[in-house]
2 protein chains.
Amino acid sequence: MPHFQFHLDHTDANSMARVGRWDTPHGTVETPAFMPVGTRGSVKGVWPHQLQEVGAQMILANTYHLALRPGEKVVKELGGLHRFMNWNGPILTDSGGFQIFSLTELRQLDNDKVVFKSHVDGSLLELTPARAMQIQEDLGADCIMCLDECPPHDAPVSRLEEAVDRTTRWAQLCRDSHQREDQALFGIVQGATNPKLRERSAQGLLPLEFPGYAVGGLSVGEAPEEMYSTLDVTTPMLPVNKPRYLMGVGRPIDIIEGVLRGIDLFDCVMPTRNARNATAFTSQGKIKMRNLKHQTDTGPLDPECDCPTCTDYSRGFMRHLFTVGEMLGPMLLSVHNLAFYQKVVRELKTAIMANAGMEYRAEFLARTSGGK
Amino acid sequence: MPHFQFHLDHTDANSMARVGRWDTPHGTVETPAFMPVGTRGSVKGVWPHQLQEVGAQMILANTYHLALRPGEKVVKELGGLHRFMNWNGPILTDSGGFQIFSLTELRQLDNDKVVFKSHVDGSLLELTPARAMQIQEDLGADCIMCLDECPPHDAPVSRLEEAVDRTTRWAQLCRDSHQREDQALFGIVQGATNPKLRERSAQGLLPLEFPGYAVGGLSVGEAPEEMYSTLDVTTPMLPVNKPRYLMGVGRPIDIIEGVLRGIDLFDCVMPTRNARNATAFTSQGKIKMRNLKHQTDTGPLDPECDCPTCTDYSRGFMRHLFTVGEMLGPMLLSVHNLAFYQKVVRELKTAIMANAGMEYRAEFLARTSGGK
């Protein structure tokens with residue numbers, strides 16, 4: 001694909017972690033990369049230029065939410081997702097599969113389509129692989145996803161196997177109907193935490209030669225160790241020279257563990273959602289901003305952080321904002337939490353270049369009380 | 001007062017409007033000036049540096065709200081209001097009088113004090129003139145207000161007269177107990193829409209020689225014409241060479257009408273409150289952002305505006321944000337509405353310098369459907 005080039009600069013001598021650059025039509029993403037999530041076309045509480053300021057290079061938007069409101073045709077009329085959101089860097093959209101299987105009431109599911117009730121107004125909607133492609137082409141992200149089926153992680157094996165096979169079939173149909181050459185279409189490996197099913201999924205998708213592969217169906221309720229061991233068997237099956245994206249993950253420690261296992265791209269609502277719930281990620285671990293102990297603390301949230309929030313605001317002021325329910329509290333903390341995620345990824349890159357990815361994890365765990 | 005100098009640069013040949021500069025310990029305010037309101041230490045939905053970017057020079061914070069939460073001692077421990085809010089320009093605090101008489105349940109009111117129930121937790125609190133000074137000294141704003149009594153505008157004359165006299169008495173007590181020389185203490189003229197009472201109030205306060213005077217008790221439910229006619233009789237009684245502040249006003253047209261009657265300072269929650277309710281102020285009048293007609297509008301909110309919102313975002317995107325309830329909607333619109341208010345004041349200044357304040361009002365009314 002002329003629009004997309006993935007270069008690996010270095011692979012850690014002591015882990016599968018790698019540092020690379022991914023060229024897209026809207027700029028280069030340095031990997032590993034964490035993508036802030038703009039579910040409905042906005043990363044909650046943050047101006048797009050602030051995402052850039054804290055170092056985000058690529059962001060994610062959700063197909064399901066945008067297809068419902070305002071509708072992909074409206075986004076298209078408003079100039080496509082980049083113009084719509086005022087984000088001129090690379091964007092990734094998911095397929096909507098995850099939301100359909102987690103947010104909606106299913107009415108019908110077969111090899112051709114899924115029929116479900118909108119969580120907004122209860123209307124009956126249908127999604128097919130071809131329609132998932134049409135929506136994502138109208139939205140116009142740089143990187144788009146095949147429609148996948150996401151059963152509960154603890155579903156019976158027969159059910160998980162069915163979902164893997166349907167995901168493979170749908171991937172073929174997506175690839176066949178996808179037109180835009182300025183979009184990279186990724187296949188999604190499913191199979192929950194079952195190594196055999198992960199292998200079955202990867203073997204079904206690899207012949208389709210997608211320009212990148214996502215790992216789906218993780219961080220959906222299984223224990224972190226199960227996620228890590230699933231990655232241990234899954235990423236080695238994926239092409240070395242293509243970007244690998246772990247969907248919807250996760251805590252900072254999960255990102256570190258994912259990178260050490262060869263993952264390049266991540267997305268998660270956690271930095272912004274936790275910010276709205278008054279939880280800060282810091283170089284010393286998590287902090288609850290409503291705690292009385294911050295009341296007269298004139299120090300910054302995180303002395304190791306140089307984001308606008310830590311530069312200009314005291315813990316005491318931030319505690320006050322959350323106590324009285326001022327919007328500025330979530331706004332300040334979202335910027336900081338996103339800056340923190342970007343900093344972790346930057347530090348990790350530096351460590352990998354020195355073949356010290358494993359040491360970085362140990363150091364991170366030591367200073368953040370086990371990454372909690 | 002060495003810390004405060006008020007210079008009049010020009011008075012409109014055809015109205016009482018004037019252009020001046022007011023030096024304060026935290027910088028010079030060009031008057032007429034509109035102050036965004038940071039009720040609880042934050043102008044809702046806006047980063048402080050954005051206030052500066054749209055041209056605000058001075059902001060307001062509310063004594064009543066900050067005294068309840070986090071408490072003035074906490075603000076003081078956190079370095080005072082400027083450091084607390086991260087606003088290094090001039091700040092004005094009101095006395096708390098207006099909130100006590102509008103938000104709380106009164107328990108006792110005499111010549112020495114007012115006792116009321118906190119609207120936050122129902123606890124019984126007492127405010128005296130001396131305590132209003134102590135709180136505002138601890139908060140540390142540049143300009144502070146005497147404790148005043150604000151009865152309903154349609155109260156019986158005897159009740160209004162009582163409030164005027166108590167406000168005068170309290171002003172004397174405030175002046176006597178106020179210590180900080182880096183704070184300008186203003187007296188507040190009361191008297192509702194009754195010219196005789198306004199005169200009585202002014203005559204009581206003028207001998208106290210405050211460095212500036214506020215006009216209180218307006219924009220509290222009376223008709224706009226009543227407010228204007230009250231200003232017609234009130235501002236001529238106030239010293240020409242001192243700043244005059246019209247409290248809690250108002251719509252853009254009210255600010256224009258106030259300036260034409262000799263007012264220098266204004267504050268109002270309207271630009272940010274309306275923004276949260278999806279109402280935009282524009283050069284062509286008010287716009288409801290949820291209206292379906294904006295759905296696929298690729299144009300800016302206000303083509304005449306160069307604020308960050310109008311520069312980078314479409315009406316269609318903003319409508320979407322309000323439709324789905326994204327925080328970014330109020331954030332973008334608050335910045336624009338504040339920019340609009342600042343622009344009106346800037347344009348008005350230019351007009352006054354050309355002795356064309358009245359023409360500016362006519363032109364403003366013509367293009368905004370009567371200022372509605």
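Glycine is no exception: its Cβ is also placed from the backbone N, Cα and C atoms.
TrEMBL does not curate its annotations; it predicts them automatically.
The substrate site recorded in TrEMBL comprises B:D94, B:S95, B:G96, B:G97, B:F98, B:D148, B:Q190 together with one of B:G122, B:G217, B:G221, namely B:G217. Within the listed segments B:7-11, B:107-111, B:117-121, B:272-276, TrEMBL records region 'RNA binding' for the stretch B:272-276.
Within B:H178, B:H294, B:H336, the residue that TrEMBL lists together with B:C305, B:C307, B:C310 for binding Zn(2+) is B:H336. TrEMBL assigns the feature region 'RNA binding' to residues B:248-254, out of the candidate ranges B:150-156, B:199-205, B:248-254. Note: the region 'RNA binding' (B:248-254) comprises 3 helix, 0 strand, 4 coil (DSSP; helix = H, G, I, strand = E, B). Here B:C310 (Zn(2+) binding site) is positioned 32 angstrom away from B:D94 (substrate binding site), judged by their C-alpha atoms. DSSP classifies B:D148 (substrate binding site) as coil under the three-state reduction. Secondary structure by DSSP for the region 'RNA binding' (B:272-276): 5 helix, 0 strand, 0 coil. Counted within 10 Å of its Cβ, the other Cβ atoms near B:D94 (substrate binding site) come to 32, all protein chains included. The Cβ neighbour count for B:C310 (Zn(2+) binding site), using a 10 Å radius and every protein chain shown, is 23. Closest in space to B:Q190 (substrate binding site), of the binding-site residues given as B:C307, B:C310, B:H336, is B:H336, taking the CA atom of each residue. Remark: B:F98 (substrate binding site) has B:Y64, B:D148, B:C150, B:G216, B:M247, B:G248 as non-local neighbours, by Cβ distance under 8 Å and separation of at least 6 in sequence. The two recorded residues B:C310 (Zn(2+) binding site) and B:G96 (substrate binding site) have their Cα atoms spaced 36 Å from each other.
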